[in-house]
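According to TrEMBL, the protein carries these features:
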type     : residues : note
DOMAIN   : 3-340    : domain 'Major facilitator superfamily (MFS) profile'
TRANSMEM : 7-25     : transmembrane segment
TRANSMEM : 45-70    : transmembrane segment
TRANSMEM : 77-94    : transmembrane segment
TRANSMEM : 100-123  : transmembrane segment
TRANSMEM : 135-158  : transmembrane segment
TRANSMEM : 164-185  : transmembrane segment
TRANSMEM : 211-230  : transmembrane segment
TRANSMEM : 250-269  : transmembrane segment
TRANSMEM : 276-298  : transmembrane segment
TRANSMEM : 304-332  : transmembrane segment
Amino acid sequence: MKYSTLIFIAYLFGGLNRGCIVLNLSTEIIKMYSLLAHPFEPTKLIISLLSACILAGSMLGSFICGPLILKIGRKRTLIWSSALSFVATCLQMLEIHWVYLLTVRLVSGIASSIIMTTMPMLFSEFVEPKLRGIFASLMNLFIVVGTLISNIVQYFIIDVTTNYPIIFVASAICSLGSFFCSLSVQETNTQLVQKVIQKEQLKIKKYKRSIIIAIALGLYQQSSGITPIVNYSTLTFQGALDIPKSGAVGAIMITALNTLSSLITLPFVKRVKRKTLMLIGLIGQNSSFIGLILVELYVSNKNTNFVCLIIFSFTYLLSYQTAAGPLFFVLASELFPRPV
């Protein structure tokens, strides 16, 4: 019971932190920053660079995480990455230059990625196997709640340029929460883990098929279209909604639908076979994405366009939260023996 509560709190902070970090620098926030820090023209290139650098940092973090864990252990890795995430988030509050912001965002992505990789590895050892899917879904839920929080905060602060630093407060608090949770958990014997891994590496050919499947699942999760639907929702709805702050309102609607989708699918993770959920989710995602493309190409009426965007976005998000979102880490980890 003690560890269940600790894991819940850790996943809460870790998930919220990831969700806030990914979306706390939307197009609207970048435009605010462009008026403060050595004023610059927020061109499409600069906006794309500032939006994508968090994902580039996440990729770097994924490469760094494994060797770092072997060097200093899971607990220390989580402690240092949480501390780095807090520092990087606070540094983003400073209004200096867009190149500076890009650099700090890259570091923030690295730290966030290491947290999201290490936390399930460290805490899952204290969870019963049948409950791991539920905890993975909970973390995914907390991530989307984090994106919703970021968009709600954005809606209330974009009218006043000097409100810019407020968007990073939630991320900083969640990084601190992850830091203190990492201090409270026991560490797995690092030397034992290293010996087991070295032993398992001798049988690497045995896991060749599992590695290929895990990589394919990961590539699908990251390239399935969730990024353009969520990250660019401000631009998507600017043309479809004829109201003030249409981009911010559209972003809130998308992240609210994403949160609702996570809640709807949560009860099914334990009751329905994971492969069945994955298949249903994949069919729903692809069908919805095709629908969104057709709406963009052929529906010119604003009202019809808006309704179709909402319907297909919701079915896509519902399908994603059924499959690629929460189940990837569970399915990928179950392809290998526990020590690996």
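Just so you know, glycine gets a Cβ as well, placed from its N, Cα and C.
The largest share of C-beta pairs under 8 angstroms with the transmembrane segment (100-123) comes from 45-70, of the ranges 45-70, 77-94, 164-185, 250-269.
Here the transmembrane segment (7-25) has Cβ contacts under 8 Å with residues 50-51, 54, 85, 89, 92, 101, 105, 108-109, 112, 115-116, 119, 123, 126-127, 135, 138-151, 153-154, 167-168, 170-171, 174-175, 177-178, 181-182, 185, 230-231, 251, 255 of the same chain, all six or more residues outside its ends. For the transmembrane segment (164-185), the list of distant contacts is 3, 6, 9-10, 12-14, 16-17, 20-21, 24-25, 29, 32-33, 36, 75, 78-79, 82-83, 85-86, 89-90, 92-93, 95, 111, 115, 119, 122-123, 126, 146, 149-150, 153-154, 157: same-chain residues at least six beyond its ends, Cβ to Cβ under 8 Å. The list of residues near the transmembrane segment (77-94) in space but at least 6 beyond its ends in sequence, with Cβ under 8 angstroms from a Cβ of it, reads 17, 21, 25, 61, 65, 68-69, 100-101, 104-105, 107-108, 110-112, 114-115, 118-119, 122, 164-165, 168, 171-172, 175-176, 178-179, 182-183.
For the domain 'Major facilitator superfamily (MFS) profile' (3-340), the model's pLDDT averages out at 77.
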